[in-house]
Amino acid sequence: MIRYPNGKTFQPNKTVSSQNSQKRSHSYSNRGMTLEDDLNETNKYYLANQIAVIHKKPTPVQIVNVHYPKRSAAVIKEAYFKQSSTTDYNGIYKGRYIDFEAKETKNKTAFPLQNFHDHQIEHMKQVVRQDGICFVIISAFGKVYFLEADKLFVFWERKENNGRKSIRKDELEDASFPISLGYSPRIDYISIIEQLYFSQEQ
């Protein structure tokens, strides 16, 4: 049995047939929690086509109880997912380090900043200081947004100074770049990175 930090047990995702996956809408409305799956498929596409090498960081697990039925075998009876201290994804594109977090919300008017933790913000700041490309991909209001880390820090500092604890829909739309959904790649965030960080170098 594996538990998350909030005490809930881990439930494996149900298998989705290829036929159903092909019918997915180009809108994120009423889609459920699929952002991570779509990003993982996108990263597989980037890797297979030698575009970028981006991987999801494994969630750290704390093992609590191990049973040894045999000396040569060990069975994990109880474990907990530990809270990640950094971000979800990292890798490399055209020689630049890429580091980003993926977040979703069902809130219809704002994106709650409680989705982030202090140590994640500090990690992103450290990446930016080293000239890494750091950002957040946010699924909200039926769309997907690319928000640069520097823009996120502005909203975070406002919260830390007893200001608003969320990003309003209009604020997010003004500060971020919308990501058009496709089939392959599904969420083409590299095209935005190319425009922001590499088009001026050519």
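Placed from the backbone N, Cα and C atoms, the Cβ positions cover glycine too.
Summarising the annotation, Swiss-Prot assigns region 'Disordered' to 1-34.
For 8-32, the entry in Swiss-Prot reads compositional bias 'Polar residues'.
Annotated Mg(2+) binding site per Swiss-Prot: Thr86, Asp88, Glu101, Gln120, in sequence order, evidence recorded as sequence analysis. Under the DSSP three-state reduction, Gln120 (Mg(2+) binding site) is assigned to helix.
Secondary structure from DSSP puts Lys103 (site 'Transition state stabilizer') in a beta strand. Annotation comment: Swiss-Prot describes Lys103 as site 'Transition state stabilizer', evidence class sequence analysis.
With the fewest other C-beta atoms within 10 Å around its C-beta, Asp88 stands out among the binding-site residues Asp88, Glu101.
Here the C-alpha separation of Lys103 (site 'Transition state stabilizer') and Thr86 (Mg(2+) binding site) works out to 13 Å. The Cβ of Lys103 (site 'Transition state stabilizer') has 18 neighbouring Cβ atoms from other residues within 10 Å, across all protein chains displayed.
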